[in-house]
Amino acid sequence: MYGRTARASELLDNLKGEIDALNHELSLYKHQKDDYERKFQNQLAELNTIQQTLYDLERGQNKMKIHYEEEIRQLKRQLEQQNINASQRDLNSPSTFRSNSPAPPAQHNNNNNNIINNNNNNNNNNNNMQRNTPTPTIPDKGQPKQRQRSGSGEFYQQPGLGPQQLNFQQLNLQQQQQQLQQQQQQGSGQSFPSLSPLDSNRHPKEMGNNMSGNSMSMNNNNNNLNKKPDMEEVKEEDRRRHDTEMSEENGKEKGTDWLVGYNPSVQTNLNIDLLHNLQHNSVVCCVNFSNDGKYLATGCNRSAQIYDVDTGKKVHAFVDESEKDGDLYIRSVCFSPDGNYLATGAEDKTVKVWDIHTKKIQHTFYGHELDIYSLDYSSDGRFIVSGSGDKKAKIWDIEKGKCAFTLGNEEVGPKNGVTSVAMSPDGRLVAAGSLDNIVRLWDAQTGYFLERYEGHLDSVYSVAFSPDGKSLASGSLDKSLKLWDLSGSRSRSRCRATFNGHKDFVLSVAFSPDGSWLISGSKDRSVQFWDPRNGTTHMMLQGHKNSVISVALSPKNNSHGVFATGSGDFRSRLWKYDS
């Protein structure tokens, strides 16, 4: 018995020793773990510091690059202005008409130069000089177009404006004088919906013709107009008659109130024609096609509409009767992928999803604190992303009826209102443009912030993914478009191309279904077609009397492509293009 007790005691002692050894080992491991974690945190902090330093250096380098590029552009503009002044003096002479005889010497006229200078000052607050732009032509009425590349800049003449040739310099001068006449006749610009608390002075929905800041220069222009020589009076009378014809709603002929200009330095088969003119009761803030291309949705004050693309007839109208006082502009409309629902975002800070067939509200999403400016559906129809003036973008889960993610915080989120949002074709990414000049990218499935794209000099008002999802286009108040490369590593944002050519704010951008065209709408009242592969503009369309606030292309191309424009002139227009 005694031996057994001793044996048990010995075993217990051995077990206790092993437990003590294990505890000692465990404490060593814990100590090593703490040491490793401390080292890891220190290295992570150092890495973050290095990354932040690199980011600051890159941002500083980009700012210096932008500054130097701007200085170079200013010097180029000074040189171009000398050529422009010479060509403008030639514009005021009889040599602007076709003639087989030698042109007479140009007659210099100080009054005409004053008109040009005053108009340039009114239309360009930053003293930017006019760039050389493609030569405009009148839309064809059935005959094939024959565009020639020539060093002299000659182009074909179309019926509608008489014997006078049009190039962009003449067209710009004509437009400036037409705008003066319209302002004199109207007495004040078109009132656009208020966008407080965003920067209302610069928002596209308030892009009317502001008279207060230009009254003195307008008076100077009026005095100069009264002193023009006989030839200018004849040309001005022709323009008045042309403006009168353009303002009449009845008896319009194809091409009587819209112009197309083609770039003489490139060969293109691009042709444009007007399909339907869709009159509205207020500013058209947004346009959007259904996925099958059969319907177009528009948003204006207090209502959203759906039109049949083939006939141009209104087939549905959606009005929220709960809000009956004051204005309620529909800032954004978007079809669900199956075409059964229409999402709308408005000044009431809510996202509404309408059943198109019953015209009833299916869902209402609350959560934004300010006006909603942009919406987009995911490709599977399960989510909607919205952008608001509250500096946030939100992803809404339609099935669960709640917000899945809020994109944006004090550290990496927008510093000002979100003006535009877009979902990538595969539904994995969300892009947002903001008034702080930056485009941001998030993971739509996790809500994690991925990247920021800097380079614009002013607020970003529109973003759009390319059909293959490898590029992102942005349009800005700095009058430019940028194309960002998403195909490689996102550790460094890379601007693939910058598109310059608009003379005022770029308010909307969109890709064609095959990605071969990038189109943009601007406050300068024009739509431009760009080749995203080389940054070349092929065509400029002038088909509205006020800012082109929204552009959209039909996802389906049959015999020809279709695109839509929405404008401050109370009209949306459907166009077809062949390329």
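Glycine residues also receive a Cβ, built from the backbone N, Cα and C atoms like all the rest.
The compositional bias 'Polar residues' annotation in Swiss-Prot covers 83-101. What Swiss-Prot records for 109-128, 157-198, 207-224 is compositional bias 'Low complexity'. The compositional bias 'Basic and acidic residues' annotation in Swiss-Prot covers 227-256. As annotated by Swiss-Prot, region 'Disordered' applies to 83-258. Swiss-Prot lists 279-319 with the feature repeat 'WD 1'. Among the features that Swiss-Prot reports, repeat 'WD 2' is placed at 325-364. Here Swiss-Prot flags 455-494 as repeat 'WD 5'. Residues annotated as repeat 'WD 6' in Swiss-Prot: 501-540. Among the features that Swiss-Prot reports, repeat 'WD 7' is placed at 543-579.
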Tally of residues which DSSP labels helix, strand or coil - the repeat 'WD 1' (279-319): 0 helix, 23 strand, 18 coil
Average model confidence [pLDDT] within the repeat 'WD 6' (501-540): 95
Structural state census, the repeat 'WD 2' (325-364) (DSSP three-state): 0 helix, 23 strand, 17 coil
For the repeat 'WD 6' (501-540), residues assigned helix / strand / coil by DSSP: 0 helix, 22 strand, 18 coil
